[in-house]
Structure formats: C-alpha cells, structure tokens
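Engineer: Supplied in structure tokens, the structure appears directly below.
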Amino acid sequence: HTHTHSDTTHSHTHTNTIYPSVCPQVGNYKRAVKRFDDGHRLCNDLMGCLQERAKIEKAYGDQLTAWSKRWRQLIEKGPQYGSVERAWLAVMTEAEKVSELHQEVKNNLVNDDVERVKNWQKEAYHKQIIGGFKEAKEADEGFKKAQKPWAKKLKEMETAKKGYHMACKEEKLAAAREANGKTEASVTPDQQKKLHEKVDKCKQDSQKAKEKYDKSLEELNKCTPQYMESMEQVFDQCQQHEVKRLTFLKEALLDIKRHLNLTENQSYGAIYRELERTILAANTQEDLKWFSNNHGPGMHMNWPAFEEYNPDQASAPPKKKKPDGAPPTPSTDHVAPPGDRSSVSSYDKNQAYSTEWSDDEQPATYSGNENGGNGNSFEDDSSTGKGAGAGAGAGGGGGVRVRALYDYDGQEQDELSFKAGDELIKTEDEDEQGWCRGRMDNGREGLYPANYVEPI
C-alpha cells in the first residue's frame, strides 16, 4: 500500500516551480516576489556602472588635454619647422577635439542616461513606510491568497498520510508478535487469541486510515487545477511588470550605446578628415626653401661696411639690467618628467643665433686659439686682460660646474638658454646686476641669471 500511495503522491506534485511541492516547504513563489527587490537594486547597479564609466571618460579627456598642452609647447619650442610642424601640431588639435567629445560622452551618461534610469526606477517601484516595495507586497499577498485553500488541503493530506503510515507500522508489529507467540511454548492459547485480535484491529485501523488518506488526496487533487490557475494569474502580473523592466533596460542600453559610440558622431569623423588634410598638406620643398631663406644661403647678409668713429658709443658693452623678479616655479608643462628627458629635445628654436649665414663660425669648444682658448674672437679685451689665470679660467678647463634649477630662454644674443637639469661651467662670478657668465657643454658662451643655477 505504501508504495502505491507514494507513486500517487509524486504524480500530483510534479508541477511548475512556483507551486509548492508536497514537502513541508510551502512558498516556492518567493523567488518571483524577490524579483521586485532585485529589479530595484539592478537600477542602482546600472546607475553606478554608468557613473564609473563617466569618470573614466572625464579622466581620459583631461589626460588628452594635458598631453596636448605639454607637447604643443615642446613642439613649438623645438627644432621642427614649417608645414611638417603644422602637421605635428594638428595631432595635438585632434587630441583637444577628441577630449571635448569624451567630455560630452561623460555629460550624456550622467545627465541623460543616469537620470532616465533614476526616473524610471522611481515610477516603477514604490517604497513603503514599513519597508519593502508596494509591488512586492501585492505579489506576495496574491500568491498567499491563491495558495491558502490548497495549502490547507495539503496539510490535511499530510496528516492523513502520517496516520496511515503509523497504522501500517502498528499492523506490522502486531503481526510479528502473533507469529512469535505461535512458536513460543510460554504463550498461552488465551494470549495467542488476544494477539490475533490485536492484528485484526490493526488491520481495520489501517484500512480506515487508508480510506481517509485516499479521500484527503482526492480532495487535494480536486483543488489543484483551481490553485494552479490562481497562482498563474498572480505570476502573470509579476511577469508583466518584468516585461516593462526588461523592455526599458534594452531601450536604455541602446541609448547608452549611441552616446558611447563616437563613430556615429559626425564631428568625430570630421576631426580625422581635417587631421589627414593637414598632414597631406605638408610640403617638403616649401619647408626646405623656408629654412634656406631663414637659416641658409638665402637669408639676408649683413656684409661689413665702413663705419665712422662715433664718440657717443660706449667703449665697453652696456651692463645687463638685473633679471626681473625671482626664478619661476618649475612647471611640468615646460620640463619633461624625470626619466623622460631623453625623449624630448632640449633644443630651443627661439634661441639667438648669428644674424648671418657664414662658415666662419667655429665651435667654441676648440681651445688654444689666439685668444687663449676663450673661443670668442669678438670678446672685449676686459675678459682676456686679467692675466694668465683669468684666461685659463675662461678657457677649456677652468670655472665652476653648475646645474640649472629652472628653464631659461635667453632674451638677447649674448644670453644662454638652458633647461632645468642642464649642466654648464660658470666662468665669471655674479655681477652687481645678478648675472653670471658661463659656457655650455656645446661650447656656447653667454650670460645667465645667477639665481637660476646651483653649484654641483
């Protein structure tokens, strides 16, 4: 009997997961109710996800701008010239424009997409004062109401099943005692009769319990179709809410994709078309011609001409006025980061050169010439007239080695230009105006502000 009823029980409990099984746990619909809480939390997750991406977009835009600013200054001060310089600078312009587009992406994510999710969440989920959401509470109550009659019948069936199984157990024990009594001589006929009567009674009790169990199971099965229909109605209402959420999410993600996909932005393509035009416009021959006219044979030649004596002109060169103010604060915009200096040219296209193009200029590193190794044949006599010691100090091996603390761009032809970190030789001490004379490692000599360097 037990095996038969066990089969019957399983045949009626193989239903959809929202229906409780015959195990004591009633309430498998809880997952469907929890989906409301999950939906609200997922809106928060999506907003957090978009805000993080917006920060990334802003950081990337800021980095592009800083990179463009730094390299624009380096290129403009560096040795590249002409149309190729303009083409190189166009890459910096590209970075600035792309930076603006990424800032726009950030604004769209925060102002449009996040706000849209926040507003939808507010309309779709209504918080209760006692906690939880109105939609989840209504679903939970709907499931409980639909389940209540069936759950009551289920409990009755469980009680009947338990009673029947207990009766079967008692019947089995009584039959075993009767069988043992027949084999034992100590059991009297009267006792055997009582044992037999006990077995008959247990059989009757077992039969009654079986009938009760069958009846309760039949009643439960009669309730099942109505129970399934009621539960499915509540479940469908939950599904309808979830349809709205999933549909909204899909539309929102399409909008997000549109904001992220810069290739759909017309101005994005225009940036690279403009960059390509500028690069293709670079003209090698024009650049070479420009260089020749400004730094080669084509430049204006200031040939020597006879000059009358002018007593008004001072015999000694005018003294430099004191450098303005204190040295500037070092800035990463002008100085390459540590470890990166080898990748940046320290050449300054604006530093002063001779106004004439001639092969008479000799590198000042050659010593032993007619001026005692000074290397500058146009130097006034005062620098070479201080005796042998002064001549040696200003020449190849003398002087104090110093290191530049800041960048300095020479404003006049007799001034040196250097970058922070460059080393040079101080050949004359600071004068009353705050200037020193020194020599760069490339042999170039000139004046520089004393407070821009430190001794090594």
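Cβ atoms here come from the backbone N, Cα and C positions, even for glycine.
Predicted automatically and left uncurated, TrEMBL annotations should be read as such.
Got these off TrEMBL a minute ago, pasting:
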| type | residues | note |
| --- | --- | --- |
| DOMAIN | 10-287 | domain 'F-BAR' |
| REGION | 178-203 | region 'Disordered' |
| COMPBIAS | 191-203 | compositional bias 'Basic and acidic residues' |
| REGION | 302-401 | region 'Disordered' |
| COMPBIAS | 342-356 | compositional bias 'Polar residues' |
| COMPBIAS | 386-400 | compositional bias 'Gly residues' |
| DOMAIN | 397-456 | domain 'SH3' |
Engineer: Quick test of the contact rule: Cβ under 8 Å, at least six residues beyond the ends. What residues does that give for the region 'Disordered' (178-203)?
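Structural biologist: Contacts with the region 'Disordered' (178-203): 167, 170-171.
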Engineer: Across the compositional bias 'Basic and acidic residues' (191-203), what are the DSSP residue counts per state (helix, strand, coil)?
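Structural biologist: Here the numbers are 13 helix, 0 strand, 0 coil.
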Engineer: List the helix, strand and coil residue totals of the domain 'SH3' (397-456) as derived from DSSP.
Structural biologist: 3 helix, 28 strand, 29 coil
Engineer: State the mean pLDDT for the domain 'SH3' (397-456).
Structural biologist: 90
